[in-house]
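Here the structure is laid out as structure tokens; the discussion comes afterwards.
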């Protein structure tokens, strides 16, 4: 024990001799003078300032030289080795474990931690830094930087105090005397400054978002919230937004498309049932109640349902009788389900076969020689169950089948027009039969005449008598297919057959009711189910009339086209007024065979309107029908308007209901033994040639003449509207394709919307704003003038003048597009007329303009400096780029009434 103590004493003596005296020199950390030394167990001396800053301000107790943890340190001026210092005898700071060698060193330590005012040395030190800060703000208007106060661990005497201006410069740019500090950086998302870039980066990483793909590539892009980061993922990378991934963050973004596909395959793959369920579309629809057709001898689905119910009841009875035996047999339920499936499959097959049979029957009926309008009149009163019944007139009793609304019908109501035989019959209606009768398919070109019968006052109905034998629905006779080029019919028999055909259409299956009774019956009938046989019908709406609404052309329509010989005989000897009247009244009879006709008038009292009155009848009748919206040739109206039969353009409709049938006196013979008058062929609204007048002028320049020689009587007809609609290289005219009385311009039709209508409107508005230099007052004035012109409050000339006043010479640059995008054909014509008048006033008139002054629409738009053309069919002003699409719209609409050349090509 004594030996150990002696060895320890000798080691301490050697260390005391070998260790140099602590004190003097400079600090290895701050390079300052060592007024007082801080020494720890590792014997690495540092100045007391650095040790105090580490242990008191930074709360770090390791050695700044060797990083050894120092639990105790000694402050003194000249210190031996730490092991030789008797620390238990020294003054002690318990909070920080600092020992002081003497009182002077302790005073230096206390002075480092005092809060003294640099401007007021006579004041005692403040106990807290907050008190000093308040004193500096109130007494000296000096402030310290909050960021530096929070992050910089320095003594109070080392703090800098700034005025307001200097503090702002310090935060943004830094101190002029300290080039190492360049200000505190700003976060643009939060509008908050941080001590340095490291602190700003910590904030961005912690409180904002960055792309981990771009960050791994070295890009330093940050986003304020995840919405912007999601948009970045969507644009630059691959983002999954299916199912739960639409609400996930970070994990639903992928670097490559292959990773995205692998993710979708792994996480979003569905089973076949789920995929099939996702492809299904739920449709809410209902069927009208289906009436039984058992009385007509047709096997329907109700028969199968009745058999199925009987089988189920029989199985239930047998099951109650031998319940124990069926309990032992476990497969009876499976057999029952198999039987149910077989019955359901049989029902579906039967219903499909029945629908196919009905469709075939309707198509056969349409392909027969029955006229379209008579087929419509026969379909509308048809009922699904029971016998076929005819509509009754108002005031008719329930016992009578059919009676005249104006009393008994005499022979004068249906006079014969020729010397043909007259057959008078008085009988009741024949019993209905499923076979088609000859009345449903009258021949239009029969050589023999059959007139309507006279009915005695005691008769109950009317029936037609035909000289030919009755035929089945699929039996065709020779008179149903007349020769296309044949000799002219006999003068005496042809008018008789024509009148017989109109009267058979008017009195088919009996006398016709009044318009009021027809409307009542039509409103009381149940709607027919829209099936495959109905063309163009709508679900739950009224039944379609016939194939005419869909624009088709049946065999009967082809046969109703007159031959070239018959048309040429029609065109030659007729007068203007009488032939136009006969053509119109016969078209009314052919288009509406089920409607009543005009009252009885003698031939000398028949009104003969002039050509202008005939043209103006169509707009007057159009104003009374319900308004429909026409977009690119397709009408968007009510179901009642759609269900009405379509009429060819130019056909005036009657202004009101007429109570009496058409008498023969309304169709007088115009030329004695001349051929019969027939309605104009399809594609021609009115064909008029004045007797003794020169033929119409030749086609205007720009229209291509027909390729082949026209048939006799058609030398003055122009080509179809399809070729006339295309602009010519030299000039563009508005000549229509139908032969008209000279001086009559075609009526403007509905506006057909061109392609890219909305985008072009926006471009036009932007061009107007640019020309007005974004002047809102001028633009508002332009819009008000445009609205007044559209509403008819100002004329086209006033509107044209106001636009020129606003836009000046720039108006000429946008006038063509403004005119083409004006959604009103009539307003287009007015505005073009105003432009033509302005150009005629600007330029001196020459001989050519005087020659064309008769019709302003024959003036070329290119001569007026316009980049547009006028459609000769509907009078719509078009840009040159819109001509082809506009022509296609007309071609689609003209399929309902094709030209004679198209019919000839179809027949041959």
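Counting starts with 1 at the first residue shown.
Glycine residues also receive a Cβ, built from the backbone N, Cα and C atoms like all the rest.
Feature list (source: Swiss-Prot):
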- 313-329: compositional bias 'Low complexity' (COMPBIAS)
- 358-385: compositional bias 'Basic and acidic residues' (COMPBIAS)
- 482-501: compositional bias 'Low complexity' (COMPBIAS)
- 529-538: compositional bias 'Basic residues' (COMPBIAS)
- 295: phosphoserine (MOD_RES)
- 304: phosphotyrosine (MOD_RES)
- 433: phosphoserine (MOD_RES)
- 292-338: region 'Disordered' (REGION)
- 350-441: region 'Disordered' (REGION)
- 467-557: region 'Disordered' (REGION)
- 569-619: region 'Disordered' (REGION)
- 719-744: region 'Disordered' (REGION)
- 27-67: zinc finger (ZN_FING)
- 185-208: zinc finger (ZN_FING)
Surrounding residues of the zinc finger (185-208) on its own chain - C-beta under 8 Å, 6+ positions past either end: 147-148, 150-151, 171, 222-225
Distant-in-sequence neighbours of the zinc finger (27-67), which means Cβ under 8 A and at least six residues beyond its ends: 19, 73-79, 81-82, 85, 96-98, 105, 108-109, 112-113, 153-155
Tally of helix, strand and coil residues over the zinc finger (27-67) according to DSSP? 10 helix, 7 strand, 24 coil
Across the zinc finger (185-208), DSSP labelling yields 11 helix, 4 strand, 9 coil
